[in-house]
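Asks: Please find one structure pasted underneath; my questions will follow.
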Amino acid sequence: MTQDELKQLVGQAAADYVNANVPEGAVIGVGTGSTANCFIDALAATKHRYRGAVSSSVATTARLQQHGIKVFDLNEIESLPVYVDGADEIDHRGAMIKGGGGALTREKIVASVADVFVCIADASKRVDVLGQFPLPIEVVPMARTAIGRRVAAIGGVPVLRVAKDGTPFITDNGKEILDVKGLAISDPCGLEAVINAWPGVVTVGLFAQRGADLCLLGTETGVQTITYAKH
Ligand code: 5RP
């Protein structure tokens, strides 16, 4: 199977999971990226079961609305039974690197409200140690260089993310992203706390303190369901 076919497989598996476990009339938290898009497309078939969704990005909002799924502002919602999203890497504890698509801040906010975080990923995303995929850090632009120095001090190589036209990539929140190469992250929770405390950091793309509860992993032999201990 191709990577795209595996993404479709887990997108459908996540829709099946939500249909089986989430009560009718609920609002669903929805992530961002090509795997999350497969979930949105699969969920569209049963959209009338749900009141709507809370979105983690402008792109996801557009895709949900194309399917006629109502998008709520998170401020209108008291609880989310589930949040479904992809990942750039996931380890054996359910800790993830996210933000390859640039939506890390809203993803972390929506995930923090959800009762259950379901990660959907093809098997290439499963790793022993996080960090082969560059770690995104969303930063306030004036703090970019100062944060870059702190990154270098812990052994990372910060690279400012650029858009196709060569200008800095700007997130949905009007901020920039440093992609950090060269880290082997043995303590994801600890590193998340350290980077979160640096002035000017909006969000670090380590999702470890609130990691996944469940991963639907697309493999050659089908979808593997992996559950993780509570965080
Ligand atoms: C976006 C994300 C995505 O979940 C992550 O980049 C995985 O994307 P894809 O499903 O396209 O491989 O964190 O900010």
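Backbone N, Cα and C atoms are what each Cβ position is placed from, and that goes for glycine too.
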Asks: For the substrate site that TrEMBL assigns to T32, G33, S34, T35, D85, G86, A87, D88, K98, G99, G100, G101, which of K125, K164, K175 is also named?
Replies: K125
Asks: Look up S34 (substrate binding site) in the DSSP assignment and report helix, strand or coil.
Replies: helix
Asks: According to DSSP, which kind of secondary structure is E107 (active site, proton acceptor) found in, if we only use helix, strand and coil?
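Replies: The residue in question, E107 (active site, proton acceptor), is helix (DSSP, three-state).
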Asks: Looking at Cβ-Cβ distances, which residues of the chain lie under 8 angstroms from A87 (substrate binding site) while being 6 or more apart from it?
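Replies: For A87 (substrate binding site), the qualifying residues are M96, I97, K98, C119, A121, K125, F207, A212.
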Asks: For the C-alpha pair, I'd like the distance in angstrom between G100 (substrate binding site) and E107 (active site, proton acceptor), rounded off.
Replies: 12
Asks: Given the substrate site residues T32, G33, S34, T35, D85, G86, A87, D88, K98, G99, G100, G101, K125, which other residues of that chain have a Cβ within 8 Å of the mean position of their Cβ atoms, reported in sequence order?
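Replies: Leaving out the recorded residues gives G31, A36.
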